[in-house]
Amino acid sequence: MIDRFWAKFGKPSSDSVHTLTKDNMPKHVAIIMDGNGRWAKSRGLPRIAGHHTGMKVVKQITMAADRLGIQYLTLYAFSTENWKRPKAEVDFLMRLPQEFLSIELEELIANNVQVRMMGYRDALPSHTIRALEEAIARTADNTGLILNFALNYGSRTEMTDAVKRIAEAVRDGELKPEDIEESTIAERLFTNGLPDPDLLIRTSGELRLSNFMLWQLAYSEMWFTDVYWPEFSESHFHEAIAEYQRRARRYGGL
Ligand code: FPP
């Protein structure tokens, strides 16, 4: 029987020259989509043009991940620190989920993709959260790729909040300090129920984590490229996964 992987992977949708192995696919890929501004600047365009092209790349990479049978794709779309940017740029970024979903939601549904988000919802504009919540609700029963947008997400705040909730549980007598385990923390993060990323990709040549999934990336393989996000292609994505598949993961063992 031709399984889902080869049926989908066989589609002539990619010019990738990288050989990938079905058995060693990362389950969860996380991406720091960086370089939109520099890409735009290098073309004499306003920064928002970079973000807009970056949005189109989100679609391409989501579909590429789906074709490979990757189960979780987490995309860093807006950090808790990104509010420091000029208001016009923040406003533009906050309209992107809405625009993206108005164009792509039907196709995501047709491909059985489940949309999720992680981050602090309260600070998001109502139009942003409305669009996301509609997509989350309409795709909740889908069983394919989980497309997880990190939006107004910050890892240190996420962990600080988890610690606060644990402290409250101890104070209220619901939890003993000696019973606190790694899972006690992990269960109180936005990623509760998701496996840790196997592979982190960051585009644009920056070599840092920028407050992204600091707990969850403890044993992830990391892959960095100089390519700016708006020009990141399915072939680059395959290159990252091919490199991942060449690595030996030892988790501190031998
Ligand atoms: C970092 O590049 C990128 C962002 C802060 C925004 C990323 C958002 C997208 C790629 C689109 C999201 C789409 C959806 C559907 C939510 P930068 O602006 O920091 O680039 P620079 O470092 O070159 O200035």
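Using N, Cα and C of the backbone, Cβ positions are placed for all residues, glycine too.
Feature annotation from TrEMBL assigns active site to Asp34. Marked as active site, proton acceptor by TrEMBL: Asn82. For Asp34, Glu221, the entry in TrEMBL reads Mg(2+) binding site. According to TrEMBL, the substrate binding site annotation covers 35-39, Arg47, His51, 79-81, Trp83, Arg85, Arg202, 208-210.
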Self-check item: Trp39 (substrate binding site) CB neighbourhood, other CB atoms within 10 A
Solution: 24
Quiz item: ligand 1: which of the binding-site residues Thr80, Leu209, Glu221 have a Cβ closer than 6 angstroms to it?
Solution: none
Quiz item: From the Cα of the residue listed as 'active site, proton acceptor' across to the Cα of Arg202 (substrate binding site), what is the distance in angstrom?
Solution: 17
Quiz prompt | Asp34 (active site) and Thr80 (substrate binding site), Cα-Cα, nearest whole angstrom | solution = 15
Practice problem: Starting from each candidate's C-beta and looking 10 angstroms out, tell me which of the recorded positions Asp34, Glu221 has the most other C-beta atoms. | Solution: Asp34
Quiz item: How many Å lie between the Cα of Asn82 (active site, proton acceptor) and the Cα of Gly35 (substrate binding site)?
Solution: 14
Exercise. Can you check which residues sit near Trp83 (substrate binding site), meaning Cβ under 8 Å from its Cβ, same chain, 6 or more apart in sequence, and list them in order?
Key: Val90, Ala123
Quiz prompt | Cβ neighbour count within 10 Å of Asn82 (active site, proton acceptor) | solution = 18
Quiz item: At the Cα level, what's the spacing in Å between Leu209 (substrate binding site) and the residue listed as 'active site', rounded?
Solution: 11
Self-check item: DSSP-derived class (H/G/I helix, E/B strand, else coil) of Thr80 (substrate binding site)
Solution: coil
